[in-house]
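Heads up, the thing below is written out as structure tokens.
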Amino acid sequence: MEPLMKLWSFDLVAWRGFLFSALILNFIFACQFFFLQPLVSALDTKPGDAAALFERVTQNVKVKKYSEALNDLNAAIEADPALSEAYWHRASLLRQLCRYEESEKSYKKFLEMKPRDSAAEKELSQLHQAKSAFDSATNLLDTGDIKKALEYIDKVVLVFSPQCSKAKLLKVRLLLADRDYSGVISEAGYILKEDEDNLEAFLLRGRAYYYLADHDVALRHYQKGLRSDPEHGELKKTYFGLKNLLKKTKSAEDNANKGKFRLAVEEYKAALALDPNHSAHNVNLHLGLCKVLVKLGRGKDAISSCSEALELDGELIDALVQRGEAKLLTEDWEGAVADLKEAAEKNPQDRTIREALMRAERSLKLSQRKDWYKILGVSKTASVSEIKKAYKKLALQWHPDKNVGNRDAENKFREIAAAYEVLGDEEKRTRYDQGEDIDDMGSGMGGGPFGGGGQQYTFHFEGGFPGGGFGGFHF
């Protein structure tokens, strides 16, 4: 009985080993079936099987499954190194993907098998042209000849290597350098449709929206890219750079609205320093800076800031108005009128602009009249006695009898008389100080302190004249 039990135990162990071995072999067979099927398929190189292989490759290429297509071709070549058509298909696909060195090797291998094949030779020539065009575009980007670089890269993308994502991204970079932001958005969008995880496409498309000052959309592109790769250096830099710019801009605007103009000036300048090339946003920063400088009375600096804004956008009416106000501060009356008149012509319905223009025109007119205070050499706050004293002194100095034959002295004398006619009369002086149009005052000399015209002048100065009288003077 005991020997029988031992035999039964031995048979059970043997059966278990047999079953385990069978399972292992079955697993290996399954792996071969599922994972090495392309190789197995390629082992049979009958014309019909090869045609099916190439048809499968073609279908994979159509749906942009380039890796699967290459895997099929590589497996076919490994199974049958004499399958020349597989080399040609592989070379063509690699050329379209910009893998030029690998492509050239496959073309040369095919031509070893099929010497002087005109179609393959033509494609090999196209490969050399494609590689040359791609290298030229890259070099021209570095040297700054963007237009010429775009011509070269279009040859690559549109003719020689239409499936090359590397060439498509280079084209997007060139469009960005050329400031063709709508082109960048469009081309990068096509790339993202084919590869929704292309981080460089997210970065470049975000930058296009950034330079269009569409900052919310730019931030969304950066954020989506960073969700795929939180440590992507360029995406992090551009994302946080934009956040900082928006923070500085808001701080400047808030300080301006609160009347903290000096703080606003510093914040506007800090924001402008972050990216001098961001024209679409900087035009508003320059305008905001100009406005607060006008409020601070810093006319010269305000003119500079508004001019920067107009350099970026010549149709910015608000910048014209603010520059006109700044020129009033610097007493550039003609310049102020010119700016405000241009603004009024661009927006004739704006009452505020019209009122500003009227102020400027009035200031210009006042600036063109004679400054009687300056002629008498007194301040605008001079008393009546100070005005009279200055007048007497100058009248004696420039009297024609004392400057015989001197026409300049006679004109100066008349000017002094006209000044005293206005400033010596309290009512006329008040009207003059208020800016009223009294240019005809003193012009006729008939009612002035010198009597009628001609060369006869009669003065009656109290206190006499040292050294005795002369000419028509009576003391």
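Just so you know, glycine gets a Cβ as well, placed from its N, Cα and C.
Remember, TrEMBL labels are computer predictions, not curated facts.
Per TrEMBL, these features apply:
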- 371-436: domain 'J' (DOMAIN)
- 84-117: repeat 'TPR' (REPEAT)
- 199-232: repeat 'TPR' (REPEAT)
- 12-36: transmembrane segment (TRANSMEM)
Quiz item: Do any residues of this chain, six or more beyond the ends of the repeat 'TPR' (199-232), have a C-beta under 8 angstroms from a C-beta of it, and if so which?
Solution: 169, 172-173, 176, 179, 181-182, 184-185, 188-189, 191-192, 238-239, 242-243, 246, 277-281
Quiz item: When the repeat 'TPR' (84-117) is classified with DSSP, how many of its residues are helical, how many are strand and how many are coil?
Solution: 27 helix, 0 strand, 7 coil
Quiz item: DSSP helix, strand and coil counts for the domain 'J' (371-436)?
Solution: 45 helix, 0 strand, 21 coil
Exercise. Averaged across the repeat 'TPR' (199-232), what pLDDT does the model get? Just tell me the whole number, please.
Key: 97
Exercise. Please list, for the repeat 'TPR' (199-232), how many residues fall into helix, strand and coil according to DSSP.
Key: 27 helix, 0 strand, 7 coil
